[in-house]
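Below: one structure, written as structure tokens.
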Ligand code: NAD
């Protein structure tokens, strides 16, 4: 269902026939069109890349891209009729002048009220030049509508390159016009974290080091590098999954309560949390971070034998770490994070482990009960969606025996199928100007400052690779990391 007045907008999509655009972006815009969040009459999209295409050829690609979401073929055709193609080299200034003329024409034709969304879905080296050229060559709207710039990942390779990119973007757009995409923030469960925390005083009252033993964030993939070696071998798990998605999730878990649920307030609290992470020196990195690279497994070749991967690659396909927050809320409660490829299962999940009861009064009886366990609140991000809470209760046998059960809210297939896809949610927020689920620059900067010393050490010292079997749960050192604190990964060891 649409909420509010449908937004009028002219989109300009750089990388208009790229993989991401065809697989994710057009279906997302189409769903907003179907649901009425995007005005059905007053929108148009200009697709851009160096390719020479006619409008009809471009529209055929669009129909193909959205056909599985369409109620009838006519709906996809009507949608595609708003699409225009322009061959455009992002390094050629003349092309921006032509783009500006086309944008003016379409703006008049579709009465889009000067609202322009520039989506840069291209290799990151082009992000800065596109933003600056849009500004310098006069493609930004001056008619009183909005100009919003959407940037794909990755946002830099380290703090220095991210800052350089951000400086380029902010020379052309204000921070509040920039939407840095992190599609994990468009996921149902990620968006539920603040509501579960700040909507339930019962939870927020115990959301601190006094009651929480540790927090675990896992983004595990079953797939390997597939056909992305060209990009992935220069990135690795730390840059590809930890610096952005994982630390963003951590920020929602660790932040203090914002004064109100508006993006400026939320961002302020997220930044405070991220900036209070302890930054490790080289010795701290060795103690608190673990890297891995997958070896062979049943039906799997080692990473170093994957197509396009150098046979001596030092790239991390797995990263785990311990975060310590230097703040009052978290004190000595560690956050453990991990992400890797070729693991035993695909699971995006968060496990909040609460402390055990200080006194186990049942253990003093004569009835031989099971040991009481600490409660565990688990958020299921992907592929399952939902929340479970483990609690101690009595079993149904004669006499008093305790057992641990899960209070369980996992969405069934029907409801899960209704959940908007991440890019649809994020496009909706771009159109309504809501930056709640986008990474702000100070957050990105804090995350890079935390990750940089880890990456630096890993670049300097080759890893002892491969060090985990494909289809396993990652390197043993990642289990040892928790064992040193007398902890254990909750998943898969302790899940009921
Ligand atoms: P892609 O290579 O499929 O598409 C890139 C597009 O840029 C193509 O349309 C190409 O023609 C165009 N292009 C290249 N050089 C150009 C130039 N000089 N002038 C104009 N156009 C030019 O890439 P993709 O997989 O769609 O990824 C796009 C962005 O999205 C990247 O930043 C990537 O990191 C990010 N991303 C992609 C995925 C995915 O699943 N594909 C997932 C997450 C993030």
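Using N, Cα and C of the backbone, Cβ positions are placed for all residues, glycine too.
For the domain 'Glucose-6-phosphate dehydrogenase NAD-binding' (13-191), the model's average pLDDT works out to 96. The feature domain 'Glucose-6-phosphate dehydrogenase NAD-binding' is assigned by TrEMBL to 13-191.
Residues or ranges marked as NADP(+) binding site by TrEMBL: 50, 89, 90, 153. Around residue 153 (NADP(+) binding site), taking its Cβ as the centre, 17 other Cβ atoms fall within 10 Å, counting all chains.
What TrEMBL records for 183, 187, 221, 240, 341, 346 is substrate binding site. Listed in sequence order, 348, 381, 382, 422 are the same-chain residues six or more apart from residue 187 (substrate binding site) with CB atoms under 8 A from its CB.
As annotated by TrEMBL, domain 'Glucose-6-phosphate dehydrogenase C-terminal' applies to 195-489.
Sequence-distant neighbours of residue 245 (active site, proton acceptor) (same chain, 6+ apart, CB under 8 A from its CB) are 182, 184, 219, 339. Summarising the annotation, TrEMBL assigns active site, proton acceptor to 245.
What TrEMBL lists as region 'Disordered' is 296-315. Among residues of the same chain six or more beyond the region 'Disordered' (296-315), those with a C-beta under 8 A of the stretch's C-beta atoms are 224-225, 227, 229-230, 232-236, 341-342, 458-459, 462-463, 465-466, 469-472.
Working note on the binding-site residues 50, 183, 341, 346: by count of other C-beta atoms within 10 Å of each C-beta, 341 ranks first. If you check the binding-site residues 221, 341, 346 against residue 153 (NADP(+) binding site), none has a Cα inside 10 Å of its Cα. Between the CA atoms of residue 221 (substrate binding site) and residue 89 (NADP(+) binding site) there is a gap of 36 Å, rounded to the nearest whole number.
Taking CA atoms as the reference points, residue 50 (NADP(+) binding site) and residue 183 (substrate binding site) are 26 Å apart. Between the C-alpha atoms of residue 341 (substrate binding site) and residue 89 (NADP(+) binding site), the distance comes to 35 Å.
Residue 240 (substrate binding site): 22 other CB atoms within 10 A of its CB, across all protein chains. Ranked by how many other Cβ atoms sit within 10 Å of their Cβ, the binding-site residues 89, 90, 221 place 89 at the bottom.
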